[in-house]
Amino acid sequence: MFFAVVAKFIPEPTLTPTADVKSKKRNNDEGGKDMLKKHRRQVLFSGIITAIGISLHNFPEGMAVFLGSMKGPRVGVNLALAIALHNIPEGVAVALPVYFATQSKWQAFKLATLSGFAEPLGVVIVAYLFPTSLSPEILEGLLGSVGGVMAFLTLHEMLPLAFDYAGQKQAVKAVFLGMAFMSASLYFLEVSLPEEMSL
């Protein structure tokens, strides 16, 4: 709910055309270019919203890796690997809309990288503010909240774009494939962690 309110303050243009049908026929090329420009702007704002949401999502993940590392190197490495794996599609989810909208690889790389910097920032903050330990309840509350942010992002931003570009059937197949992959990775992570750190 919090991120839905945040997203309201980010202006997102609509694709409603302003010209009537006759003027469209006369200026078919210009109308097409105008629609493409509006569409690219909409996709760019979708990428920006996704980048902000993933930044909020990454922040407590860095804290979790730090606290896991304090339990032991094996726990820290396992957590870092699991989080690194799912950070790859998160970076792609930010970079692709930005690249489509701007046609600039540098802009896409820059925004995806900036959204990823929230994770080491979480490490730095928890290391300096909570050098001994952070309350598990606080960390669990943060992780639950960012889970809600990702659910909102998926339903509000990513799925509509996937429906537009890949079609509903392909998008739904990809969602279930991703869910299966994440479930499997969580299972293997739980098996590899010591009992006291089990998920």
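Keep in mind that glycine also has a Cβ here, set from the backbone N, Cα and C atoms.
Automated prediction, rather than curation, is the source of TrEMBL annotations.
As written in TrEMBL, here are the features:
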- 43-59: transmembrane segment (TRANSMEM)
- 79-99: transmembrane segment (TRANSMEM)
- 111-130: transmembrane segment (TRANSMEM)
- 142-159: transmembrane segment (TRANSMEM)
- 171-189: transmembrane segment (TRANSMEM)
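Highlighted: of the candidate stretches 43-59, 79-99, 111-130, 142-159, 79-99 has the greatest count of Cβ pairs under 8 Å to the transmembrane segment (171-189). If you look at the transmembrane segment (79-99), the same-chain residues 6 or more away from its ends with a CB under 8 A from one of its CBs are 43-44, 46-48, 50-51, 54, 57-58, 61, 64-65, 68-69, 105, 107-109, 111-113, 115-116, 119, 158, 161, 178, 182, 185-186, 189. Distant neighbours of the transmembrane segment (43-59): 3, 6-7, 10-13, 87, 90, 93-98, 100-102, 111-112, 114-119, 121-122, 142, 146, 149-150, 152-153, 156-158, 161; these residues of the same chain sit at least 6 beyond its ends, with a Cβ under 8 Å from one of its Cβ atoms.
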